[in-house]
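Everything below concerns the one structure shown next.
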Amino acid sequence: MSTTVFIPIITVDGPSGSGKGTICRLLSQQLGWHLLDSGALYRLTAVAARHHGIPMTDEESLKVVAAHLDVQFLAGTAAEIKIVLEGEEVTDAIRTEAIGADASIVAAMPSVRQALLQRQRDFAALPGLIADGRDMGTVVFPEARLKVYLDASAEERASRRYKQLISKGLSASLEDILLDIQARDERDMNRSISPLKPAPDAVILDTTQLTIEEVLEVVLDEAKHKGLR
Ligand SMILES: Nc1ncnc2c1ncn2[C@@H]1O[C@H](COP(=O)(O)OP(=O)(O)O)[C@@H](O)[C@H]1O
Ligand SMILES: Nc1ccn([C@H]2C[C@H](O)[C@@H](COP(=O)(O)OP(=O)(O)O)O2)c(=O)n1
């Protein structure tokens, strides 16, 4: 007789700059669970395509790139995960706004999403998984015990991104970032496949006026309610 092992999963979805990555890293540290940064897979597909000279319009070739991504997620210092693509470290290179925009374009292609689906599900392992993305609660892990949807005003999200870039010593324009965020929201929310939207059973949290610590506390409380800690 085979038994199915229950793997606890917390999904965290939401638009760019809502705080998903930050909260997911902290949750993964506090609970000691695995972490899936699904956005990184779409970013890596865009970077690999650029390396191979494939235009972001060529869905047939992009699907092949996504299906054969040669990537390793290596444990680095603290919560930092080192990402190696085709033997080259790309941890920072995949985080630019330009790659974010390309990722959002390839992510609207059904065959690219299909090619990455099983790879994402394979991250589920004991003692548990924190899954960060756009469709974690709706499509990839619909059985997750706790689903969180983080949101914040576009202006607040742009301001967070702006501060993040400036603190890294990069130059940035707040207006350009706001326009980029609005364009990405529009594409991610209105695509025909797996659009960004809260799962019907998601806990929706507007973080515009909340600190990172406050958001973490609410999510940890919800996890406790669901018997996850
Ligand atoms: N509640 C918050 N209040 C203020 N700044 C935040 C908050 N949540 C996240 N940030 C900051 O906003 C930036 C973007 O957060 P991030 O976690 O990368 O968002 P996402 O993964 O949703 O794109 C980071 O610099 C992070 O420190
Ligand atoms: N599960 C996911 C994760 C990301 N995407 C797409 C849509 C996003 O605009 C890009 C980049 O995602 P990522 O989470 O890395 O971006 P942000 O950190 O939120 O700016 O990938 C997706 O369609 N589905």
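A Cβ is built for glycine as well, from the same backbone N, Cα and C atoms used for every other residue.
As written in TrEMBL, here are the features:
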type: DOMAIN; residues: 10-224; note: domain 'Cytidylate kinase'
type: BINDING; residues: GLY14, PRO15, SER16, GLY17, SER18, GLY19, LYS20, GLY21, THR22; note: ATP binding site
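Only SER16 of the binding-site residues listed as SER16, SER18, THR22 bring a Cβ under 6 Å of any atom of ligand 2; the order follows the sequence. Around THR22 (ATP binding site), the C-beta neighbours below 8 angstroms that are at least 6 residues distant in the chain are ILE212. With a cut-off of 8 Å between CB atoms and residues at least 6 apart in sequence, the same chain places LYS20, ARG134, TYR149, LEU150, ASP151, LEU196 near GLY14 (ATP binding site), listed in sequence order. Within the same chain, the residues at least 6 positions away from SER16 (ATP binding site) whose Cβ sits under 8 Å from its Cβ are GLY100, ARG157, ARG161, ILE181, ARG184, ASP185, ASP188, listed in sequence order. Neighbouring residues of the recorded ATP site, listed in sequence order and excluding GLY14, PRO15, SER16, GLY17, SER18, GLY19, LYS20, GLY21, THR22, comprise ILE23, LEU150, ALA152, ARG157 (Cβ within 8 Å of the Cβ centroid).
Averaged across the domain 'Cytidylate kinase' (10-224), pLDDT for the predicted model comes to 96. The number of other CB atoms found within 10 A of the CB of SER18 (ATP binding site), across every protein chain shown, is 24. Cβ neighbour count for LYS20 (ATP binding site): 27 (other Cβ atoms within 10 Å of its Cβ, all protein chains included).
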